Amino acid sequence: MTNDKIPLAGVIGQPITQSKSPVVHAHWLRRYGIRGHYIPMDVSSVDLPHVLNNLPRMGFRGVNITIPHKESVLDIADVISDRAALIGAANTLTFQSDGKLHADNTDGLGFIANLKQEAPGWNPQAGPALVLGAGGASRAVVAALLHERVPEIILTNRTRARADALKAHFGGKIKVVDWTQAASHLDETATLVNTTALGMTGKEELKLNLGRLTSDTLVTDIVYNPLTTPLLAQAEARGCQTVDGLGMLLHQAVPGFERWFGRAPEVDAELRNAVLR
Ligand code: ATR
């Protein structure tokens, strides 16, 4: 890779039109006056190895990876970060100067950075976290919470077997409870996280009886469309501090931008407004 080329990065998925990443990176490039481009690319699974092989010589420093390639890209990567290996998926690829393809997962980091920025008093070690859902997003959230030394994760999923599998993967600090029993654990919950798509515009609402939710629980949702999900609205009405999911999306983009374009970007209100426009 020659360094006099205009730095390029992008996001690869299929479909790709829904991705907000181009808006995030374009905002930062403009804001910091960096001469670079960030390009959305619609790429099939069959074409992915070939595309990744060819991007570096065109000036690409790296790419974000989204659905449906986040897991399968680990088979193509040469170097896999510990957290990507633990989660079993990558979202940030960097073409190293030695020619190797480095795969990282910044979703969990984005989740934690969002909570720390929006709820500065939040202490992950204050008590158990109740995590709703056991899909791909949940794996990143659970890994991040364990990294932050949460004392216990109470994990619940509509399909219990998926939660059991996640516990088998991550180990002892996870207690799996039935989806129908989740509400009974709210009074012992310090951090409540919805990692399912329930509550998103066009999807069913999350039906969780919040009767036992106490006002010292921090409630967050990875859904950001709408920003205030029914869960967050109900939690707010009960006096809880709440954090919406948009910041996770913004913060997970930070490490890639810094690696590819050489500047640590800020996540602030201006960026949030640019993405919401
Ligand atoms: P993601 O990568 O966004 O986490 P996913 O791996 O498909 O996507 O996981 C979706 C999560 O939302 C799962 O926990 C799923 O529960 P199941 O494992 O039982 O499918 C949950 N989910 C989706 N629709 C749901 C619904 N109607 N009720 C309860 N949970 C639902």
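Including glycine, each Cβ sits where the backbone N, Cα and C put it.
TrEMBL annotations: computationally assigned, not manually curated.
What TrEMBL says about this protein:
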{"type": "ACT_SITE", "residues": "Lys70", "note": "active site, proton acceptor"}
{"type": "BINDING", "residues": "Ser19, Lys20, Ser21, Thr66, Asn91, Asp107, Tyr224, Gln252", "note": "shikimate binding site"}
{"type": "BINDING", "residues": "Asp82, Gly133, Ala134, Gly135, Gly136, Ala137, Asn157, Arg158, Thr159, Arg160, Ala161, Arg162, Ile222, Gly245", "note": "NADP(+) binding site"}
{"type": "DOMAIN", "residues": "11-93", "note": "domain 'Shikimate dehydrogenase substrate binding N-terminal'"}
{"type": "DOMAIN", "residues": "129-197", "note": "domain 'Quinate/shikimate 5-dehydrogenase/glutamyl-tRNA reductase'"}
{"type": "DOMAIN", "residues": "245-269", "note": "domain 'SDH C-terminal'"}
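Mapped onto this structure are the features recorded in TrEMBL.
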residue : record                       : DSSP (3 states)
Lys20   : shikimate binding site       : coil
Lys70   : active site, proton acceptor : coil
Asp82   : NADP(+) binding site         : helix
Asn91   : shikimate binding site       : coil
Asp107  : shikimate binding site       : helix
Asn157  : NADP(+) binding site         : strand
Ile222  : NADP(+) binding site         : coil
Gln252  : shikimate binding site       : helix
Shell of the shikimate site beyond Ser19, Lys20, Ser21, Thr66, Asn91, Asp107, Tyr224, Gln252, same chain only (C-beta within 8 angstroms of their C-beta centre): Val11, Asn64, Leu249, Ala253
Annotated binding-site residues Ser19, Lys20, Thr66, Ala161, Tyr224, Gln252, filtered by Cβ under 6 Å to ligand 1: none
The residue listed as 'active site, proton acceptor' and Ser19 (shikimate binding site), distance between Cα atoms, whole Å: 14
Non-local residues, at least 6 beyond the ends, that sit with Cβ under 8 Å of the domain 'SDH C-terminal' (245-269): 7, 9, 20-21, 24-25, 28-29, 31-32, 34, 36, 61-62, 64, 91-92, 94, 104, 106-107, 109-111, 113-114, 117-118, 220-224, 227, 275-276
Cα-to-Cα gap, Ala134 (NADP(+) binding site) vs Ser21 (shikimate binding site), nearest whole Å: 24
Binding-site residues listed as Ala134, Ala161, Ile222, least Cβ neighbours within 10 Å: Ala161
Least buried by Cβ count (within 10 Å) of the binding-site residues Asn91, Thr159: Thr159
For Gln252 (shikimate binding site): intrachain residues, at least 6 apart, with Cβ closer than 8 Å: Asn91, Thr92, Thr106, Asp107, Leu109, Gly110, Phe111
Inter-residue C-alpha distance, Asp82 (NADP(+) binding site) and Lys70 (active site, proton acceptor) (nearest angstrom): 15
Cα separation, Thr66 (shikimate binding site) to Thr159 (NADP(+) binding site) (Å, whole number): 24
Distance [Cα-Cα, Å, rounded] between the residue listed as 'active site, proton acceptor' and Ser21 (shikimate binding site): 15
Cβ neighbours of Lys20 (shikimate binding site) where a neighbour is any other Cβ within 10 Å: 17
